[in-house]
Amino acid sequence: MESEGETGGKSMKSQGGQVCQICGDNVGTTVDGEKFIACDVCAFPVCRPCYEYERKDGNQSCPQCKTKYKRHKGSPPIHGDKEEEGDADDGASDFHYSTENQNEKQKIAERMLSWHMTYGRGEDIGAPNYDKEVSHNHIPLLTNGQEVSGELSAASPERLSMASPGAGGGGKRVHPLPYATDVNQSPNIRVVDPVREFGSPGLGNVAWKERVDGWKMKQEKNVVPMTTSHAPSEGRGAGDIDASTDVLVDDSLLNDEARQPLSRKVSIPSSRINPYRMVIVLRLIILSIFLHYRLTNPVPNAYALWLISVICEIWFAISWILDQFPKWLPVNRETYLDRLALRYDREGEPSQLAAVDIFVSTVDPLKEPPIVTANTVLSILAVDYPVDKVSCYVSDDGAAMLTFEALSETSEFARKWVPFCKKYSIEPRAPEWYFTQKIDYLKDKVQPSFVKDRRAMKREYEEFKVRVNGLVAKAQKVPEEGWIMQDGTPWPGNNTRDHPGMIQVFLGQSGGLDSEGNELPRLVYVSREKRPGFQHHKKAGAMNALVRVSAVLTNGPFMLNLDCDHYINNSKALREAMCFLMDPNLGKYVCYVQFPQRFDGIDRNDRYANRNTVFFDINLRGLDGIQGPVYVGTGCVFNRTALYGYEPPLKPKHKKPGMFSSCCGGSRKKSSKSSKKGSDKKKSGKHVDPTVPIFNLEDIEEGVEGAGFDDEKSLLMSQMSLEKRFGQSAVFVASTLMENGGVPQSATPETLLKEAIHVISCGYEDKSEWGSEIGWIYGSVTEDILTGFKMHARGWRSIYCMPQRPAFKGSAPINLSDRLNQVLRWALGSVEILLSRHCPIWYGYGGRLKWLERFAYINTTIYPITAIPLLMYCTLPAVCLLTGKFIIPQISNFASIWFISLFLSIFATGILEMRWSGVGIDEWWRNEQFWVIGGVSSHLFAVFQGLLKVLAGIDTNFTVTSKASDEDGDFTELYLFKWTTLLIPPTTLLIINLVGVVAGISYAINSGYQSWGPLFGKLFFAFWVIVHLYPFLKGLMGRQNRTPLIPLPLE
């Protein structure tokens, strides 16, 4: 390092010669022709490129005097520039920054909303004044139909308030910081204060020069700094977007904690994954040789049995390939919550974390107990996230007054529960599970008042449970005149199939305060309109209604959906998801972050594989290494943009894709926005497959901006095209243009609430693309698989997040009949997808879906078909034992080697899979057993019901899975026998195989020693079936070792 005097002398000398002290180039001149002076304090000579780089990617300060650089005329604005610096020329910038784009979108949204309010559908609503602040004093209450207030007034006005449209009080909207969701935004734009985030006030000249040189080289190669380095994608020819493990940035920047990636992808150690892959390849070879032997060696005296067995074995081989190879690239992920806090949630500053709208769906409060739903809502309201960024929407698709009243009680109890949770940082924050957990609750609790407060809170919760259970008892018998509310008016949802839309805001920013005077998150009750003659699409339709309501009222850029029985077990779950969704490099390519499902209340042995550990800990981790896990229906944080049917931005290609990339997915080019405006080539690189829609945000902006804001005809055409896609709501359409969320500043709460009622009306989705290309996709009872598949087909990737403490926990049906009915519904949904136009076997080949990801989706849809060959294969042992024939001819010693090798490879695959995944052998074995039990019962029925529905139009209504808690203890529900037709096939298989075993052994005893040899193969086959069906047999037998009760006469 040079001394201060030497540096000063050198500075003056270089200044005279106008030579940059960083790169050695000429300093140059300003746009006015004067000598360019970067620093007004010390006039340290720096050329314009070095100055621009330092402002955008460096310390934003002079290397010599450490004074923060001011924005010069012609320089592009960056985050942190003050509005009063009016001497800068915004128009001179050729760069597109997220702040500019966001302001532009705000103008578009405001203009379209203004035009609509003045000339459009909403003639009864006065045109809003865009200059006035939104008043928070008068907030309308629950609304339904076209009246703003009055029809639902069960709660007092003091308690119910509408959430404010802005993010802050007094009508002033706090804009969330951009986090690279714009397709044109450079991922290198910082959303933190660089002066505050650096440990030292500046970097040395040498280091700075190296950084600038590297930056210039990247600019010449058209590579954006701080982007992720990727290998060619398997399915699209462009780079595969994933976690920032290889970032094109210098070590000097990575040393700063706030600028490092928010997550990291961790590969499985090669010592564990490589043997696993080798065994998979070896098993594939052995399987090929085994099938060749089986095909070339028929059994003449049992030809029919041999043919059936070979067909079944070929199908099993295909099914195994589709299931096994998507697990080829399993990964783990790490998140850095401290870096997220440094970047977006610094202490003492307004939080810049993105807003999240949380959806809770419920239908029947008698099958989904209100106390369970209340616990889920309470865990949401107490989540560790800024309260002004959290909004909870509860969908009551049964329009039950019980749910409404229980939610009203929940909102009151939340005022005491939420401050208790945050004061003592307790986990979990669902009171039922917190108070029943068998742990030392005094651990890590140092406050002397904790024990006293905990006892008081437990009493409060017990009283709350008594009130809610009292409501449930009252609701068991419906009055003849229907339910009457507290003010004497009839409950609008008395007819569950014909009622208006209802919205009630229980808690909000300016109306809901807890017992300590702090704000609470929003809590909104929503029941969409239902009328006879309309198709409501069950859960998928309810979720789409919540998407629209939340977009109108709060419009958080991210959404979390939970089943009513899935509470937040880890209060930092939202922050875990934000480590991916708000990552500047990765976030804009992620459609959703899926968390694994974990369950409470399952018996210790998990008899019916309710935990489904193999799927959640093996299959989904394997998919995470390809294009991401499938969507499993709950515990998933969505990017709102992806749900709207948009495509993710394409990475600029740096080299010509190879033949393999072109064959797998094809290449797609996308020109920049500036070149697209005056060119006919803007869509030349898009595929022409009509089955994969492309909605790009740039196209929407261009349609609005093309002829200028003064052209009302063009604005009308843009409005019409957007409303054709999203429905007839200018407020909702305007919300779709705000990538970073928020609602228009001009809209009043009354307008928003009235528009929210409109977007949940029955006919809103008519002639729009809801359910076909936008939102949750219709056409299957398992709308989750279909919705995720559409996103992946457009090129989005998903993330699998497995925090050490499970993010969410729910309940599962531990009763055999309930479990089989649940599996039946899942399998029926897969069959519906298989027989639809969205079947992954033929859908979306012009898109950007990777091949291994497609394999996984194909396996997800065809697995119920395996029930037919499985049923036949499980019947063969009994037939062989009863007839004395066998499916395999007399084999030689050499042929027996392949049989033994196949069994060993199967066991080796399972053992190595358990080794890298951490799944226990008991869990793996339970999964194998229930694969057979579910396959010969639920999957079999699903195939025939699906065929009846598609071919004959006979629809089958699924029943809501009971979510009652085990209040009696000792897993009473586990031993309860409920008869269902699903029990017939596995019961029949058990009986005939047991009869076959008895008959075979009896025949061998009577026939002598020579008949025992051929019998062993048949007995092994039969015992394989019986052992797999053993949990089913235990379920039929019920509870064992119970003490008999002998009734005694009293007289």
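Just so it is clear, glycine is given a Cβ too, placed from its N, Cα and C backbone atoms.
TrEMBL has this to say about the protein:
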type	residues	note
ACT_SITE	ASP397	active site
ACT_SITE	ASP784	active site
BINDING	SER361, LYS367, GLU368, ASP397, LYS538	UDP-alpha-D-glucose binding site
BINDING	LYS539, ASP563	Mn(2+) binding site
COMPBIAS	83-92	compositional bias 'Acidic residues'
COMPBIAS	667-676	compositional bias 'Basic residues'
DOMAIN	10-86	domain 'Cellulose synthase RING-type zinc finger'
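Positions of TrEMBL features highlighted on the structure.
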residue	record	Cβ within 10 Å
SER361	UDP-alpha-D-glucose binding site	22
LYS367	UDP-alpha-D-glucose binding site	14
GLU368	UDP-alpha-D-glucose binding site	23
ASP397	active site	22
LYS538	UDP-alpha-D-glucose binding site	16
LYS539	Mn(2+) binding site	22
ASP563	Mn(2+) binding site	24
ASP784	active site	24
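Listed in sequence order, the recorded positions from LYS367, ASP397, LYS538, ASP784 having a Cα within 10 Å of the Cα of ASP563 (Mn(2+) binding site) amount to none.
Between the farthest pair of Cα atoms in the UDP-alpha-D-glucose binding residues (SER361, LYS367, GLU368, ASP397, LYS538), the distance is 16 Å. Model confidence over the domain 'Cellulose synthase RING-type zinc finger' (10-86) is summarised by a mean pLDDT of 73. Close to ASP397 (active site), meaning Cα to Cα within 10 A, are none of the recorded positions out of LYS367, GLU368, ASP784. With respect to their backbone Cα atoms, SER361 (UDP-alpha-D-glucose binding site) and LYS539 (Mn(2+) binding site) stand 8 Å from each other. LYS367 (UDP-alpha-D-glucose binding site) sits 15 Å from LYS539 (Mn(2+) binding site), taking the Cα positions as reference.
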